[in-house]
């Protein structure tokens, strides 16, 4: 405990004006209702007097508050009050859902006008991520009509270039082959076919590319359109995803 500074005297004055000198390092004023004020004379530092309010008892909700109000240029009035701290409700907040992780590679096997018409990687990522419901590693390959036709013939037996092809590796029904591992697959977009379709259907080119990426990503995750019920469910999913991306219903 610091010693009282040299030359400092503590004098108590009673109601009759009688003074008594007190030898002390700290004064405690007890108000009798649990409030207590402690005055300490520091032996160093900036302050001439340290004042601390306290509340007796075990109620952690009681908070002592000191209010000071100037009463003159050389005087202040001090008040000690006890306020009840607000109780913090114990609420179980919902945990934010973890977004699926998309590992994306974009390959461009294009030249000339096809290359200029191809979407950018950041666009493809945005469209693919919107349709993603599980972690996935996806390669999107943008090709010309010759490669698109060869792939469609080799894998589907159809001798023409189609707008989008989906290839899933080692998975069945849109689920990873090994639990905990990401879904893996390729999307192949034939750029000149997509450009031609957009013009014929009166659609913005980016809207048509977005639709086909979403369509391919849903195929990758197990959705199909082999019958009317499947087709309706897939079209509804595509429409909702595209609406979230700011695009109109592609089937309207």
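Here the Cβ of each residue, glycine as well, is placed from N, Cα and C on the backbone.
If you check Swiss-Prot, you get these features:
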{"type": "REGION", "residues": "1-90", "note": "region 'Unknown'"}
{"type": "REGION", "residues": "91-252", "note": "region 'Endoribonuclease YbeY'"}
{"type": "BINDING", "residues": "215, 219, 225", "note": "Zn(2+) binding site"}
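Of the chain residues outside the Zn(2+) site list 215, 219, 225, 166, 216, 218, 223, 224, 234, 238 have their Cβ within 8 Å of the site's Cβ mean position. Of all the binding-site residues listed here (215, 219), the one with the fewest other CB atoms within 10 A of its own CB is 219.
Around the Cβ of residue 225 (Zn(2+) binding site), 15 further Cβ atoms fall within 10 Å across all displayed protein chains.
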